[in-house]
Ligand SMILES: [Mg+2]
């Protein structure tokens, strides 16, 4: 049967990429390499901008009564090692708390960008993904990404993947700036943004709430059931198409 969709939208974690990639690869890259990274980039203007954001956040946190907040001294008042140690403590604390906060996210993104560009980091992509991207392209489908990871982070992952630069496959990228992944209005907004009827779009994700939201918007859907993903209930399996690899789509 030829596909009834002309557009494919892919989630990343748990779909194209192991759900553990962020937790097992990206986060440890930050915590284990932080001091060396600070030393290597010390004095760089971009680093200073990120550190200043972390410093302002720490002051806000302290004012808000967060006892564990680590104040970051100014370079002019302290030696570089003291400042680096404070930055390290601050980031380690925030990551232990799993804070979803702008200054932390932007610092992590800055460090990941450097890791991808030097080749120390590579985006993990399942073996069955590229053959499917080739097949969809050959069928004339357009392919997009919709992930809660920021668009720049998506582009780093796919631009520096284990399978090479995959960015040429994608016609565009969406993140939560278009809306939450579990709200159907976000899927309507994407369909409008790419000028495609919802019924002509196939969305693939591991997250059942996202799948239901996309279905409410009129999308076709497939659940990606990869190793390590949250278990699917019998009801989920009965109500939705489930695949363990993209060659089943
Ligand atoms: Mg996912």
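Cβ atoms here come from the backbone N, Cα and C positions, even for glycine.
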One of 175, 206, 225 listed by TrEMBL as binding Mg(2+) at the site of 11, 13: 206
Recorded substrate site member, picked from 100, 105, 113, 181, that accompanies 147, 148 in TrEMBL: 181
Candidate with the highest Cβ count within 10 Å, taken from the binding-site residues 13, 206: 13
Additional residues around Mg(2+), ordered along the sequence, whose Cβ is within 8 Å of the centroid of 11, 13, 206: 12, 14, 15, 16, 17, 19, 147, 205, 207, 210, 224, 229
Least Cβ-crowded entry, counting other Cβ within 10 Å, from the binding-site residues listed as 147, 148: 148
